[in-house]
Amino acid sequence: MLITRYGAGKSEQHLPGHIQAVKESGVPVTWQCDAVHGNGVVAKSNKLKTRLVNDIMTEIFEVMAIHKKCGSILGGIHLEMTGQCDVTEVVGGSMNLTEEMLTKNYETYCDPRMNYSQAIEAAFKVGNEMPAGERAAKRRK
């Protein structure tokens, strides 16, 4: 398992070379994108450690496109999440959580987590970006 966490906008600079090096090594690997840990920021309004849903999704889509272009397979993604709907630790998503709203229910002692709504939204967006043939092949297995 090779886990990448470059940060939004940085994948193109690093990932193609990493994919090529792994191909040349002949070692079989499963690639995973951890766009959550690659995109931490500090909120300007309250100095809380957070993440932006848009940055997380941007990196995931960048990595998916690079793997496709390089002829490799992205085998998974990592989403730091909680099943709680009311956690306010990550900015953005369809609920439009803002920096100012982070203090409402910021519970983490370490890493900000996507709440239930943000995580489900992310999963559906990633699923919708997969080519229809890949989605159908996975259902047949």
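Glycine residues also receive a Cβ, built from the backbone N, Cα and C atoms like all the rest.
TrEMBL labels come from automatic prediction, so no person has curated them.
Database features, via TrEMBL:
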BINDING   Arg5  phosphoenolpyruvate binding site
BINDING   His37, Glu80, Asp111  Mn(2+) binding site
Practice item. Show, in sequence order, which residues other than His37, Glu80, Asp111 on the same chain lie with their Cβ within 8 Å of the centre of the Cβ atoms of the Mn(2+) site. Key: Asp34, Val36, Gly40, Arg51, His78, Pro112, Arg113
Practice item. For Asp111 (Mn(2+) binding site), just count the other CB atoms lying within 10 A of its CB, please. Key: 12
Exercise for review: State the count of C-beta atoms found within 10 angstroms of the C-beta of His37 (Mn(2+) binding site), not counting that atom itself.
Suggested key: 14
